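Since the structure comes first, as structure tokens, the remarks are kept for the end.
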Amino acid sequence: MDTRGCAWLLLLLSLPQGQSHQPLHRSKRRWVLTTLELQEEDPGPFPKLVGELFNNMSNNVSLIYLIRGPGVDEFPEIGLFSIEDHQSGKIYVHRPVDREVTPSFMVHFDAVDRSTGKVVDESLIFNIRIRDVNDHAPQFPEKEFNISVKESQAAGQPIFQLLTVDLDQENTPNSQVLYFLVSQTPLLRESGFRIDLISGEVRLSGCLHYETAPLFTLIVRASDCGEPSLTSTATIHVSVEDSNNHMPTFMEDRYEIRISEGQVEQGVLYLPVQDGDSPFTPAWRTQFNIWDGNEEGHFDIVTDPETNQGLLSIIKPLDYESQVAHSLVVVVENQEQLFVCTEGQLQPLRKAMASTMVSVQVLDTNDPPAFHPQSFIVSEEDGAWPAIQLGYFNATDPDRADSQIRYKLVHDPENWVTVDEKSGVVTTKKQIDRESPHVNDSFYTIIVHAVDNGLPPLTGTGTLMLFLSDVNDNAPTLRPHSRHLEVCESAGSQPLLIEAEDADLDPYADPFTFDLDNAQGDVEETWMLRTKQGEGHSAELTMLRSVPPGDYLVPLFIADRQGLAQKQTVHVRICSCRSGSECEEPSDTWLLWWALSPVGAALMVLSAALLCLLRCSCTFGPKRLRGFIPSDSGHQTLIVYNEESKVPSAQGCDTFFEPRGVKTLLSSTPVYLDRMVPRQQPLQLLEGRVVEAWSQKLQSIDVLEGDTGYLPHVYREEGECEGAETLSSLTFLEQDLSPKLLGCSGSKSTPSEAMCFTSRVPS
């Protein structure tokens, strides 16, 4: 094709003239250029003339024509265009051009004075267009497509759309694409496909049948409208998804089962079904329902996910006396709606169900007694006395009217009531207290069993909820932390918080009234009690004057809203504080609490046991002499003075601990002495030390009963002291001396004892 165009482009340019008295005339300049147009992929030969350019100023000035821009000295395609003769302005192309890469070139043309090299006219910008040829076929994004279509797909609806790309110039026949269905495998009369010529949409014609053809293969062609026409093909694999076109059916029209009354059982009957659709798909899975006969809710049916069968269960016990037989209508349907295709046309989707009959025969068994009602509420006042009839239980045997029923009390944690075995009458036997820990929200629960005389005996359960209305039977009391208070001597005027509590309910509880008990006459002079504002259960105790450190008892009365009061005592300890906030020494109250605590009690019991063992040790052995033991005789020590007299016989006294107390020294309590000096073991040493420690503590307590601040007092006056008499003046008979006198006098008196009594020994 000739690359020269048939149109000429005329560009008129004007130059201003110099000033003169003559009218101004505009000089015209013109570019004369043939239309520059190239054919895509021109085979040549090259270089090939594209066109010529001419400027009318060349009539007066020798010109040189220059070109520049894309295709000449700029990207893309550098060196594609050139001017062979600068004077004639002929333009050449040197190689083929791909329009899809560069559809046009913007080239600049200049006219230059050959002698001066100056540009004599404005540049001409010209668009060199590349004329398209049909050199690209339509292209599919993929060679093969895999799609799936439901078996219930309606005919005429698009199931897929093909899209192609043609790189030729848009809006020309070279890029216009048409679509054709080349083949379909398998080719069925009732199931087919078609493709839209322009849009490429694939549509279904007729109805699909999964069981007949689960897979189709379509070959399609895309062709452009160029000359010559170019084409490409693609393959579509259509998978058919099974839908519900087979209704489930029961294997039997009727089923019969026998069930004992009073039972709850899972899976008493399996109902198998048949379905021609693909297993484990929504078209195959079943849903069972009891259409009729289950008005009381005794039965339930579910689907076994593995076998697709129905499982009938008893979820509520059957009663033979109420109904001996049940007839159930069970229906089954698929999870997916059923579709039907008639003469190539899909019918509207609908629900389709199959049904069967299930006959249930109830077998009679021994039923437990039934309470009427099973649970009831009885109201009674708090503090009700014994012998009050609260109510009665009524139970019957559903099996026989003449059945003998016995009532048995099984839950009465406070042992408040009795239940008559025959009549079921509930009577109080103890006074009732609403403050019992077994009373929850004013309700006390009593549970009774009714036992029949069947084989085997069965039991029914009835409940009596005893509601106890509160009465004002509890006066307010101090809370445990308010009974013992401590305050530093320096902070004596600081109020002490006192809180009270009441076991009764409103209106027999707070707000409380706090008053001091001034029976002794001096309480109000020392203390002031004021109810705390905004709180009905607390008050503030304030010391009005300074008192010495010590323990003080503050009596007071606390009354509830109804005026029921009770005397209480607050133990206040005033102490010296080192840091200003804590007492230096613990209160004696804590010693009392320690003594009463389990640990203190255990230690006291252990000490008593050790004392008992010591007592037994002192009283066991040969004859004992009563007498006073001097304090300088030593503790468990044998005294030896290197005597040269007769060797004494083995004798000794029981070891003991000397109490260090005034009361002990002045008492005449006898001491039992042993003649043997046992070798003490470690346990005995421990016992002795414990006994000594406790004895000293007890004796010190006895001595300190009085006020230690007083000087010693004379408790007995025996007259003036007389002079001592000589031994010869002492008159007493030998017979008056006890033979046991020297039994514990030590080794120093033993020889003398032998000499004194020698005359009495028979020769």
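Note: Cβ is positioned from N, Cα and C throughout, glycine not excepted.
What Swiss-Prot annotates here:
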DOMAIN    251-371  domain 'Cadherin 3'
DOMAIN    370-478  domain 'Cadherin 4'
CARBOHYD  Asn56  N-linked glycosylation site
CARBOHYD  Asn60  N-linked glycosylation site
CARBOHYD  Asn146  N-linked glycosylation site
CARBOHYD  Asn394  N-linked glycosylation site
CARBOHYD  Asn440  N-linked glycosylation site
TOPO_DOM  21-590  topological domain 'Extracellular'
TOPO_DOM  612-763  topological domain 'Cytoplasmic'
TRANSMEM  591-611  transmembrane segment
DSSP residue counts for the domain 'Cadherin 4' (370-478), split into helix, strand and coil: 0 helix, 51 strand, 58 coil
Nearest recorded site to Asn146 (N-linked glycosylation site) by CA-CA distance, among glycosylation sites Asn60, Asn394, Asn440: Asn440
Integer Å distance between the CA atoms belonging to Asn60 (N-linked glycosylation site) and Asn394 (N-linked glycosylation site): 139
Cβ packing number for Asn146 (N-linked glycosylation site), 10 Å threshold: 10
Asn60 (N-linked glycosylation site): tally of other CB atoms within 10 A of its CB: 8
Residue, out of the glycosylation sites Asn394, Asn440, whose Cβ gathers the largest set of other Cβ atoms within 10 Å: Asn394
Asn60 (N-linked glycosylation site) in three-state DSSP notation: coil
Pairwise CA distance, Asn60 (N-linked glycosylation site) versus Asn440 (N-linked glycosylation site), rounded so that it is a whole Å: 126
Confidence summary (mean pLDDT) of the domain 'Cadherin 4' (370-478): 90
Collapsed DSSP category at Asn146 (N-linked glycosylation site): strand
